[in-house]
Amino acid sequence: MSKNIRRASLRVVNLAGTGLDDSIRLPDDDDDDGQFPGKDKEEEEYEMRQKGSNPPDLTEPSPIRGRTLCFFGPTSKIRLKLYYLLLHPWTEPLILVLIIINAIILTIQASHSLLLSPSQNAPTPIKGYFHLWEDYVLFVLFVLFTLEAFARICVSGFLFDPEIRVSAIKLANSISHPPKHIRNPSQPTFFSKALRSDQTDVISLPFRLNISHAHEKVHRNVPYLRQSWTRIDFVAIVSFWISFILAMTHVERGTYHIGAFRAMSVLRTARLLAITSGTTTIMRSLKIARPLLTNVAYFVVFAMILFSVIGVQSFKGSFQRSCYLQPTLGESATQISNQFCGGHVDPVTLNNTYYLQRNGNPGNTIKGYICPLGQVCQEGQNPYTGVESFDTVYFALLQVIIVASANGWSPIMYAMIDAEYFVSCFFFIICILVLNFWLINLFVAVITNTFSAIRSDTKKSAFGAAPLGPITDEQDEGWAIVDGRHISQNNRLKVVYQYTRWCWVFLALASLVVQATATATMSDVHQTVLDWSELAITIAFDFEIILRVLAELPAWRKFFAHGNNWLDILLAIGSTIIQIPAIHNSSVYPWLTIFQLARFYRVILEFPRMKPLMLTVFGNMYGLANMTLFLMLVNFIAALVGVQLLRGDMDGSNTMNFGQLFNSFLAVYQIFSSENWTTVLYGATDAELSLGQAVIVAFFLSCWLLFANFIVLQMFIAVINENFNVAEEAKRGKQASDYWENDQQRPIDNATWMRKLNPYQWIKANPVKVKVENLPSNLVLPMQKALVQDYQIPSQQGSATRHLPSKSLTMLQQLFVGDMRSNNVPLANLRRARHDSMALQDPIDEETERHLEILASVNPENASTQDINDLLYERRAQKADFIRDHPTYDKTFWLFSQKNRIRHLCQKMVKPANGERIFGTPLSNVVHPIFQLVILLAVIGGIVTEGIATPVYRRDYFLANGVIRGSWFNIAETVFGLVLVIEFFIKVIADGFAFTPNAYVRSIWNILDFFILIGILVNVSLTLMFVGGLSRFTRALKALRALRLITLIEKMRDTFQSLILSGVTRILDAAMLAILYLIPFSVWGVNIFAGLMNECNDTSVQGISDCTNEYVNTIYGDSFGFLVPRAWQNPSPSTTFSFDNFRASLLILFEIVSLEGWIDVMSVAMSITGKGQQPQTNVSQVNAIFFVIYNLLGGVVILTLFVSIIIGNFSSETGTAFLTQPQREWIDLQKLIKRQRPSKRPQDRPTSLVRSWCYDRAVHKHGWWSRMMTFLLIVQIFALMFHDYALYITFNHLTSHVDNFSLLITFMYVIDISVRFYGLGWNSFRANGWNIFDIAVAGGSFVTTLVVRFGSSSFVIQQLQKLFLVSIAFKLVQRTNSLNKLFKTAVANLPVILSLLALWLILFLFFAIMYMEVFGMTKWYSAETRTQNYQTMGSALVMLAFMSTGEGWNQYMHDYAVEYPRCTRTTSLINQTDCGSTAWAFSLFIAWNLLSMYIFVNMFTGVVVENFSYVFQVSGGAKSITREEMRSFKKIWAEFANPKTGRLERSRFVPFFAKLSGVFETRIYPIDYSVKNIVAQCKSDKETHVWSSKDATGMDLSKLNKALSAIDYAGVRKRRTTYSRLYHEASVSYHQGTGISFTEMLLLLAHNKLIVDREALVLKDLVVRTETNKLVTDLVNLDRVRSLLRMISLRRRFLAHREQSKRIRNEQQDIPAIVVDAFPSTPPPSTRDITSPRSENGRTQHESWSPTPSPLELHPSPQLSFADSAPRSSLQRARRTSDISMLSADIGHSYWRDSSSSVTDDPATVLSSMQNSMWGEMMLEAAKEEEDI
């Protein structure tokens, strides 16, 4: 019966999908999170069957259990046969072959192009399903797939475990399901076990790993829908049969147009993703990261919805307004495409007037772009057939997704600027910053960190089952290494080859250079030279291969043991084959020249620093190959879905039309790269809008973008970043070596270059002589120290008497100088501070002092402090001696000595360049910040002046006022420049320029300031000499002012140093590798496309022969025609490009490596029809292969290389590169702890009825009030989400109802805030930042809604109301634990992100001023508009903002390279030339693209990845600290902490520890075994009060014995040890007079409860922590000894008192008494709780002799104190007491000594006696138990 109950319980529990013990059957196989037990008999049989053994005997017990489909029992013959059929070795391979056949048939079916004809508006209806032979094959395949699914369901069940009865389902639904924890990547999984390092067949055969997993699931009877793959199969099979039924009933392509089910049926081919063990590994890695990715996705989607709601509230209806050209000759009005507006010019009054609504009424505001005369601004349809709009939340969400993708967002932004106001751009820029630069990078952080954790856990790459191979050392070229040993050989040919190796490298370079000379117009002679050159070079390399093989003789096999040899053989054979005339003269030859060009890799390896970088990037080639294969397979499956969904619905005018599979593949790959993906989106939705599939298509394409671009693309970052990571096993060794280096004595720095150039070294010393006689020889250094100390900066105590406005000056000081305070306090100082601050020493503190000295001595930061100080003093003394020997050395300009007052004043104003001044006046804390503030204001004033006085403004000013030198902007720039000159002279006077001790040029920041000053002086002087400036260069020097912000502000200097300068060499290495990578592709592009991409501007001609004369061109439709000459020219879809020569090819490939414009270039290549022929859309789609390969290897690998290098720089800078996973978890746990703040709740609940009710509402986070407010919050969010502009236009009265509802909701929020404010009080209320947020948002919403509803509101008030209403939705983050945790973790990145943004803004200002001065007067070309130009500061900044994401930067670069004769040259001072400059355009645009897009944008990724601790918080110790646990801890802290100081005092330690629960519980005994609970459990049921052996004073002693015997004493000992150590460590950390802080207590609990110090701490911290542990151990042992001594003393006093009592009784009695003194029994071996105080006479005070009180305060009632008089119980009889103690006998003292004498025993005597007695053995045993624990 018990077995049946247990089985039933397992069945029911199994419904929850949680792990059980070894009998686990149903873990919701997604995929096998749990670990599996050892092999049983059935598994052994299964393995035997896998090996091809005989089938099992059917007389054996049935391998299947339970009942499936309600009628297939465990004895069903059909089910058994199906079971063995599924486990047959050939079944799974056969099914996978059928899946491959399915993919092949789908590919063949979609290979034929199917498009709409130009005359068709909709596809032709199709009746029935069977039309081609492919349809019959697919039908048969899905019949087989259906039978396979039925067999699996029969064997394993459909949804529930086969052992579950149907009647048990209702019962199971009523059972509360335990929470499903997030999968821990650090825990070993079945997959990590399957990929053991001793596995020989790591690179498995196709599908081998997948087949084994499928057999294992069948063997375990995992239900059909509880497996990942079978769920996908089920969707595919069901979708096929639905589409089949719809087709047969003429519904699918007849009555309706339904392609979704046919598209989902191709998901059966998703099994191809498991084709290799590498791709299977990638999927498993993604599955492990899935919970974290899901949580981040929730957070990102929530942010997107918020931005969507803001967009709806702010921009609904804006895109409906467009300019319409008014008819002049009776034609209809023409809508000007993509010209949005907010008003037009009235043709009568010529004033700006309102736009026209759809009903003809004028609007209420004039805004945005004003349509010129002859045009009208009126409402119509939204662009792209209504898809692009903010009218509803789902359209707005689509626009937010486009903005988040950072591609296609700038046209939307500029369209909104035209429709609304210029300030609208901030919405899109903030959206980009928050979503793309911040939140989307969380996916990178999760993928990178999770995959890194998988690698450290499994010791394998997360991108392949094979371990990473060893990387060849830079000195080992691969020729002479066999089995890791260098083999010395005497082959002469090898010596010859090694001497000629550089010749072959030069020949590889020559081969590429020769081909790079090819052009589209080269002569036949040039072509002949190229052919013969390549033939000769090919023969030479063939000879080289033969020479290398012969050089290895006789061990020729060794040649084939290296990959580079195989690659060279392949290139040599390929280059030789293509020289065959039939191939050489064919059209395929240009493509095959890649064999010749690929030899360039040997040249790249010879460049300095390139070989290590290439080996690092491509070291894990197996992982990169797996990731590339995975990408191609995912794109192939998405292409199959797309072609089934959209094939035949679009015409041929679209390049990406999904007409065939290859075109569909290119379309989904384009979306994967995100470049111009909106073109595919809008084209597909436009075609499907009339067919009713637009929503499905938009959803599919958007989801594919989110998955492909945000997850799959980021996996390339992880796979490259994996190569940069240090191996887990090598990290601790690196930490040890770094610790050793830092611990060593720091040598004195070598002489700097300035010191070497110092002319005073060659000048004879002329010291000031002082006659001193009889000096001891050992007094030199002390005298030098004294000399230096005499000139040190006065201490702060001396200046403390001044009355200073400290707050404002401190802020300025931190701005310009930084934080002068140090957070690192040496332990030696802490020890002295404790010693000085304690008037009365506690007994424990004297012991602590000694250990703090030891801690200070072993701390690496303080170990050699004295030695370093000696070195510094000696250095300063040497400088002082040199200055005294050369009196003019420290005189600036040989005039200003240290006694000069002017120099003293200057020294107070500026900071010295080379450390502190030895002589002179120290920096003033008052004058210096004020002076720096003046400089800052001068710099800002200069930037503002340049932002106002743009070239256009100066032209208009000179036209109005004449050409004058005394213009206000010239004067202002001169004055602001003069301030910087004065600053320079003050610094030079204060400390000298070059050869003084603290010279100006000794600081790199001063050198930068000097160059900036020179540039400003050149600009100002030439501007005054030549009005308007001499040239573009001199005018561009104005921008240098912005760079002074970097050198002026301390935070900017630190950020620039840590983020830019620290990793600049590695970034330059990556840039060099990218350029070298472009070179062979550029030559290859010339070979393939030279002369083939030209086209005629008249699309009606057939080729170059027809491209003559003129043709009529029109602007709007067929109107306004004008003659244009035909021209045969390079294509210019967005940017002008060609492949006609190496330079042009290199330029366009450099442009598209940024993923900008590569789709346009590929589309042109796909339209090539032949040389001299007009292109046609998609006629040569095979040419797209070149660009896909280039994009994959260039745009993906190179860009991700920059990201990986920047992440590596951050890791190296912060030190996390060498941290193990437990150490990362500990650091992130520290971040989590340090973010916590104690709650400020009132200590006592208010007594007032109303206030107590309000207090309860505020405190109870999950009460009915909180739930009600959450419900109202959700209602408010939904109300904001479902705003519909069309509905509001139709029903005008809805606006007032919505305002009334908003007023009601905000009024409820105001009530909620009032309740919480009144209940908590102001001090407690303001302590929570969310409450301040509530006051601002709810109050603002209520006030603005009142104004809007009942008053006349302006535009600003309306926008503020919308902002406040939407901000209320952000409260959902606070009320959702997962969102709150992610939000707090993400916000932790904000300080670094804001610093990076500030530095980036300075560069924005620098480049914006430079762009304005260089291109402010340049004429507009193809892309410039009134808002897209560089004529004003605002437009320039916005242009730089969207170009930072790579949007259209190359098109603007070519536009501003316009030169004569396409522009006008002039020599006028006022009307400057409107020409551009090729040199300036290419220099500035490429510089900004590299600096901003490649470096700064990727730095945001690096910052987020490095600081995002969420991954490790859910896998480390932080996962135990839930939000409720932390709230409980804060509540207990608020109860016991001092309300004035906020710290916990030592007297409150014990009750505080006693009340902790959950993960922080520190009780010695579990709560179930507290005295209160034991008394409650052991109450007697009898009503009698007669004492007996079983019952005493209401206690059932048998129950008591049973309860006490159930205590886990081993666990109690561990808990007691933890408690004792925790108490003593808290005492050590205790600050006298203040207490221990909230954060310190949390860190202390984390050390003792959550982490293992040896694993989690870095070596430097571990050394200090080990010494702290020694201190705590000594204190615990000392406490034990004291407790033991006290126990002995009390025992002897008790025995003496009892003996004295007996003697008194005997003297009082007449009958003589016989007293037998028996020896006491041996004390029990178990160690009692000697840390717990023994209450004396029922007291439990914390006596001085026991520093560690017990957390359990026992207060026995008088009713229970019957031990002496009551009859002995069974427990008491078990232990016999004695009148004479053996300890007393051993010590030699009489036991009748009075109590006073026992107290005054000498502890040393007692201790020595203990060591010679049995108590010494007991102490040793206790110490041993301590060590065991």
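Heads up, the Cβ atoms here are built off N, Cα and C, so glycines get one too.
Taken from TrEMBL, the feature compositional bias 'Polar residues' applies to 1758-1772.
Annotation comment: TrEMBL describes 88-458 (among others) as domain 'Ion transport'.
Confidence annotation: the domain 'Ion transport' (498-730) carries a mean pLDDT of 89 in the model. The domain 'Ion transport' annotation in TrEMBL covers 498-730 (among others).
Residues annotated as domain 'Ion transport' in TrEMBL: 928-1214 (among others).
Under the heading domain 'Ion transport', TrEMBL lists 1263-1511 (among others).
Taken from TrEMBL, the feature region 'Disordered' covers 20-62 (among others).
Among the features that TrEMBL reports, region 'Disordered' is placed at 1713-1777 (among others).
Sequence-distant contacts of the transmembrane segment (94-116), counting only residues of its own chain at least 6 positions beyond either end whose CB sits under 8 Å from a CB of the stretch, comprise 122-123, 132, 134, 137-138, 141, 144-145, 148, 207, 210-211, 266, 268-269, 271-272, 640, 643-644, 647-652, 657, 659-664. Annotation source TrEMBL lists transmembrane segment at 94-116 (among others).
With a cut-off of 8 Å between Cβ atoms, the residues of this chain six or more beyond the transmembrane segment (136-160) that come close are 15, 64, 66, 68-69, 72, 78-79, 82-83, 85-86, 95, 98, 101-102, 105-106, 109, 129-130, 169, 217-218, 221-226, 230, 233-234, 236-237, 240-241, 244, 265, 268. Look at TrEMBL and you will find 136-160 (among others) tagged as transmembrane segment.
Beyond the transmembrane segment (234-251), the same-chain residues lying 6 or more positions past its ends with a Cβ under 8 Å from any Cβ of the stretch are 125-129, 138-139, 142, 145-146, 149, 224-225, 258, 260-268, 270. The feature transmembrane segment is assigned by TrEMBL to 234-251 (among others).
The transmembrane segment feature in TrEMBL is assigned to 292-312 (among others).
Taken from TrEMBL, the feature transmembrane segment applies to 393-415 (among others).
The transmembrane segment feature in TrEMBL is assigned to 421-447 (among others).
Taken from TrEMBL, the feature transmembrane segment covers 661-682 (among others). Counting only same-chain residues 6+ beyond the ends of the transmembrane segment (661-682), those with a CB under 8 A from a CB of the stretch are 107, 110-111, 113, 384, 387-388, 402, 405-408, 631, 635-636, 638-640, 642-643, 646-647, 698, 701-702, 704-705, 708-709, 712-713, 1155-1160, 1162, 1178, 1181, 1184, 1188, 1191, 1195-1196.
For 694-717 (among others), the entry in TrEMBL reads transmembrane segment.
Nonlocal intrachain contacts for the transmembrane segment (930-949), taken as residues 6+ away from its ends with a CB within less than 8 angstroms of a stretch CB, comprise 812, 815-816, 909-910, 957, 969, 972-973, 976-977, 979-980, 983, 986, 1038-1039, 1041-1042, 1044-1045, 1048-1049, 1405, 1409, 1412, 1433. For 930-949 (among others), the entry in TrEMBL reads transmembrane segment.
Listed as Cβ neighbours of the transmembrane segment (969-990) (distance under 8 Å, sequence separation of 6 or more from its ends, same chain) are residues 892-893, 896, 902-903, 906-907, 909-910, 912-913, 931, 934-935, 938-939, 941-942, 945-946, 948-949, 954, 957, 1000, 1006, 1009-1010, 1012-1013, 1016-1017, 1019-1020, 1023-1024, 1038, 1041, 1044. The stretch with the most CB contacts under 8 Å to the transmembrane segment (694-717), chosen from 292-312, 421-447, 1301-1320, 1386-1412, is 421-447.
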